[in-house]
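Just below is one structure, and these are the notes that go with it.
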Amino acid sequence: MAELTVEVRGSNGAFYKGFIKDVHEDSLTVVFENNWQPERQVPFNEVRLPPPPDIKKEISEGDEVEVYSRANDQEPCGWWLAKVRMMKGEFYVIEYAACDATYNEIVTFERLRPVNQNKTVKKNTFFKCTVDVPEDLREACANENAHKDFKKAVGACRIFYHPETTQLMILSASEATVKRVNILSDMHLRSIRTKLMLMSRNEEATKHLECTKQLAAAFHEEFVVREDLMGLAIGTHGSNIQQARKVPGVTAIELDEDTGTFRIYGESADAVKKARGFLEFVEDFIQVPRNLVGKVIGKNGKVIQEIVDKSGVVRVRIEGDNENKLPREDGMVPFVFVGTKESIGNVQVLLEYHIAYLKEVEQLRMERLQIDEQLRQIGSRSYSGRGRGRRGPNYTSGYGTNSELSNPSETESERKDELSDWSLAGEDDRDSRHQRDSRRRPGGRGRSVSGGRGRGGPRGGKSSISSVLKDPDSNPYSLLDNTESDQTADTDASESHHSTNRRRRSRRRRTDEDAVLMDGMTESDTASVNENGLVTVADYISRAESQSRQRNLPRETLAKNKKEMAKDVIEEHGPSEKAINGPTSASGDDISKLQRTPGEEKINTLKEENTQEAAVLNGVS
């Protein structure tokens, strides 16, 4: 700015040093030295150029000179007009011309100079031209050092950037400068742009060098991402990289797009590892049993979608049977997942847990099926045995335990109580109960409609006691296998029918596993066997009679009730006796009378003597 130095006349007539900042039509914008006055516009007639620096200083007595001095301590020094009165060596006595009163002062030679002969400036004293600056170069043009060479080339007094007009201002005292500016301005701007680019690259290289030196001793990790997963790793508009760079402690992240290599530098291992978690995308697969694929996917994909959402994986794919990209195991289907390493670990945990749960549920289901199959097998044997028909939910084994078999007195007592209730009940009650029994009786439990008591339906007269009496030499096993009446001795129609009704109300069920032939043996601790080694019907009745005689309960209290009950039962069921007990023809009765044995005669005698007892005891099963 020394070349644009001017002298501005103050109000006291002295000239003060200043600098031109801008040129206007009729004034100059001047900045004063040391800013002792604010910047202001000064008219041309109050501004002059300083004298040349190489002027010869020849001063003698009586010459007019200019003295560099100040009026007071608050003002800076300026050039005052004076006159030399006396000279003595290096000292000069001067007299100020601006003061009314004579004011003398002794000064040295350095503070004196000849009177400035330059006139005040005019409009054509200074020339100004402007150059528009592109937006990308405005910041660079604000530095005046960038125009040093250009200023020298064009001969300008001053070159500066004006931010309000975004123009480059060139001030000069020569008109030739304007022409040179028009020639060199474009070249100057290109050179600024080139230098700016080179400077920027140099700065980046310097920063990279410094960063590399710092990172050499810091933590860093390097990993490769597959090319088809590079888009996921970078993220939308580089969001993943930006997120990784925001991790506290991460200093730099570098990406080699050609090889897909990421390099992460940080101040700590944890920071580098955390940043890597945002960028490292991988693809992995999990084997799922083929029979569980549908349950893993769920209805409308609900289960697999929940697993994907909770784990954070990007996508999932099920490899088809015709694809052989991944290794397969027998009975397994690969599920392929894509995501960060953390999300892949999460989905592996979720899927393995769900598969283990499904396997456990399947195992429990199979165990239940096995149990149900065993129950069906057991139930099929129970249902098909002896023509008993189906049992209700409260069914228990009719034979009971060994203790029940060895103590028949308990069931005998229960039967007596039932008979007592029958005898004491009114006629209406008995009639209604008879109607209910008659509705249940025709089919019976596991019996045919005709009243036959054998398994699988009626067998005619062969299932009755009369058939046995007709043929004493026949095999008694057939009777025990095919009827339920082998536990009783039905000697006549009334007695058999009466005992049948009682057995329906209270009798102990037999299991299908009990031996039919030994049923008669278990009714008494001392079973009698005839000379052929077989148990006959007469022996069975004899045992029942002997057991009844051993009972300790008093029979007198129930004798009357038993007689009435037996009589009522015989009268009520008289018409159906023939149908129940077997053959109804007279020829059949005659044959049975002719073929009676001494054992059967004994049975009839016992029946007549103990009619009431036989009605109760012969029904024990």
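Each residue, glycine too, has its Cβ placed from N, Cα and C.
Fair warning: this is a prediction, and the values are worked out from it, not measured in the lab.
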Which residue, chosen from K56, K578, K602, K607, is annotated SUMO2 cross-link in Swiss-Prot?
K56
From S27, S185, S268, S423, pick the one Swiss-Prot annotates as phosphoserine?
S423
Looking at Swiss-Prot, which of S485, S494, S528, S546 is flagged as phosphoserine?
S485
According to Swiss-Prot, one residue in T177, T522, T611 is annotated as phosphothreonine; name it.
T611
Write down the residue from S463, S587, S592 that Swiss-Prot flags as phosphoserine.
S587
Quickly jot the same-chain residues contacting the region 'CC1 domain' (201-208) by Cβ under 8 Å, restricted to those at least six beyond its ends, or write none.
none
What are the non-local neighbours of K56 (SUMO2 cross-link), defined as same-chain residues 6+ apart in sequence with CB under 8 A from its CB?
none
DSSP residue counts for the region 'CC1 domain' (201-208), split into helix, strand and coil:
8 helix, 0 strand, 0 coil
